[in-house]
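Undergrad: Dropping the structure in here first, questions after.
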Amino acid sequence: MSEEHIYPVTDNLAKNSLLTNEEYLTQYQASISDPSAFWGEKGKILDWIKPYTKVKNSSFDSGHVSIKWFEDGKLNVSANCIDRHLATKGDQVAILWEGDTADKDEKITYKQLHQRVCQFANVLKSQGVRKGDVVCLYMPMTPEAAVAMLACTRIGAVHSIVFGGFSPDAIAGRIVDSSAKIVITADEGRRGGRVVPLKANVDEALTKDGTDCVKSVIVFKNTGGEVNWVVGRDLDWESVCADESSECEPEAMNAEDPLFILYTSGSTGTPKGVLHTTGGYLVYAAMTFKYVFDYQEGDIYWCTADVGWITGHTYSVYGPLANGATSLIFEGVPNYPTPARMSEVVDKHKVSILYTAPTAIRALMAKGDQAIEGTHRSSLRILGSVGEPINPEAWEWYYNKIGDERCPIVDTWWQTETGGILISPLPGATDLKPGSATRPFFGVQPAIVDSEGVVLEGEAAGNLVMLDSWPGQMRTLYNNHDRFEQTYFSTFKGMYFTGDGARRDSDGYYWITGRVDDVLNVSGHRMGTAEIESALVSHPKIAEAAVVGVPHEIKGQGIYAYVTLNEGEYPSPELYAEVKQWVRKEIGAIATPDILHWAEGLPKTRSGKIMRRILRKIATGESDSLGDISTLADPSVVEQLIKENRETS
């Protein structure tokens, strides 16, 4: 193997895991040489109401992009995640809930989950929700979020979850785009000792133009905090559930019926509604969960992601429950009230598989041994990382400290658009290299291409693409198939472009090098630079703005904003604070710029295009390697920006 630090699979791990290296290689080869035969067999991981006869039907051709899997089969997601486990696992815990503070927790068995999901599905029906209708969720990390998701799938409604940290404007935009019929929320959320005004944000969102598609708001009383109540529109979760039966027949859904919409940031500013469908998504969620985490009966699994992100959808709810696992849902943050909180939760619930983000790992690493103080973490056997590439130093710390030098780390690479993990080690099959996502999952055909789209062989670096479809792939952008083709299939013809750069080493391992488009990855969450820029320029004192990503030791990427003020306006500490607060209000705390650089002008080409490449170099202090600047309309602007950057840093 090449020179990086290697962690080989131990004999014991290989012996006790679901797959060895030889089995992986054999199955992987089968999955790409005959995808229909491979997935035709693997699709049986689910229960089908009407078995499929067709497996794969996909095309990445320009103007004809179409993705279908198991298209003549019928199934129900909630039945696969709950009902089929009732006979053998009715009394097993399905959802373990841990509150923001250690004095709040709850255990929900599969039997209890079935009852709650059926009741809430009947509530949705009584509110006029039908198959294909969109339901918007803006929820805290409580079991009710999973109940609401599963209730939607039971009756064939399409859920659209908005992350609980997003602003009223962001909620409204997603409601309008999806024509949501109902909003499900809570009075307030709790996170890291703070209270999040969920209901108040929904109330404000529903004052915006175009949100009159919403007929009712169902409110779960989470904190008991006082909220505004709109008579005739707002309904109390507990009261409406009490009137409903705890039986609800699951709707038979076609494999290609929509399952959920999840909005993700694009480089053009308007969020994109990624659409996943029922059959292929759930097959892929179930398969990847089982093999990537080497899931075995009795495991207690904890994915720390919020359900507002794709990781929470696939690996907190659908993947684990489809496998009949026990999934821990956590309301808090890994370092509150003390840096040892994550390790304490592991010990309290005997967590055996832990899936978290490099941001959390780096934040804990900064606290050193405080992160593990008073804990033993002896229940852990598998660690996972998700959201962004993990730097080798953080990987080693995670392995040595949290995992006690005995738990393999699955460093998973995937996206909202991919539905599930595409590149990852498999615990008993893959020798590990800190910082590498290693090898593709079954059926996944990655390639590295140069800027012309030429496929590079062997050791190479360039743009990461996928050459063929896999069952969990998104099908389209909601109500915008043209934008879907334009965004993902126009850069490199006949290939799915991930937007990420990667290199492949001499062992065929993939190393993700980060975004190659105008999308930031802040704390593992994607945000379009254009989205933040449009929030900035909507401030009455700002004329122009350009946003770039800069390295950040905790968040991975920080947000560096160049801001040009209107004539007659001048920088001040007060305005600095006001502008940061403005962005928080417009988008959410996660989009708050780390640095504002007051700029008299921005570097532009003669055609008026802002040269972000140059702004990135200046922001990261690489002003001695700006590259070709011959197309600049006014080179003196660059000199001024470099001078200002040096003065402030």
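From the backbone N, Cα and C atoms, a Cβ is placed for every residue, glycine too.
What Swiss-Prot lists as CoA binding site is Arg191, Gly192, Gly193, Arg194, Thr311, Asn335, Ser523, Arg584, and the listing cites sequence analysis. Residues or ranges marked as ATP binding site in Swiss-Prot: Gly387, Glu388, Pro389, Asp411, Thr412, Trp413, Trp414, Gln415, Thr416, Asp500, Arg515, Arg526. What Swiss-Prot records for Val537, His539, Ile542 is Mg(2+) binding site. Marked as N6-acetyllysine by Swiss-Prot on the basis of sequence analysis: Lys609.
Let's see these features in context: how buried, what's close, how far.
TA: Taken residue by residue with DSSP, Arg191 (CoA binding site) is part of a strand.
Within 10 Å of the C-beta atom of Gly387 (ATP binding site) sit 24 other C-beta atoms, taking all shown protein chains into account.
Its own atom aside, the Cβ of His539 (Mg(2+) binding site) has 18 Cβ atoms within 10 angstroms in the protein chains shown.
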Undergrad: For Thr416 (ATP binding site), name the DSSP secondary structure in the helix/strand/coil scheme.
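TA: For Thr416 (ATP binding site) - judged by DSSP and reduced to three states - the answer is helix.
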Undergrad: What does the structure give for the C-alpha distance between Asn335 (CoA binding site) and Ile542 (Mg(2+) binding site)? Integer Å is fine.
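TA: The Cα atom of Asn335 (CoA binding site) is 36 Å away from the Cα atom of Ile542 (Mg(2+) binding site).
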Undergrad: Compare the C-alpha of Ile542 (Mg(2+) binding site) with the C-alpha of each of the binding-site residues Thr311, Gly387, Trp414, and give the closest one.
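TA: Checked the binding-site residues Thr311, Gly387, Trp414; minimum Cα distance to Ile542 (Mg(2+) binding site) goes to Gly387.
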Undergrad: Beyond the listed site residues Val537, His539, Ile542, identify every same-chain residue whose Cβ lies within 8 Å of the center of their Cβ atoms for the Mg(2+) site.
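TA: Going along the sequence, the neighbours appear as Ala535, Leu536, Ser538, Pro540, Lys541, Ala543, Glu544, Ala545, Val563, Val579, Trp582.
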Undergrad: Are there any residues in the same chain, six or more apart in sequence, whose C-beta is under 8 angstroms from the C-beta of Ser523 (CoA binding site), and if so which?
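TA: Listed in sequence order, they are Ala357, Thr359, Gly387, Ile554, Lys555, Gly556, Ile590.
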Undergrad: Whose Cβ, among the binding-site residues Val537, Ile542, has more other Cβ atoms within 10 Å than any of the rest?
TA: Ile542
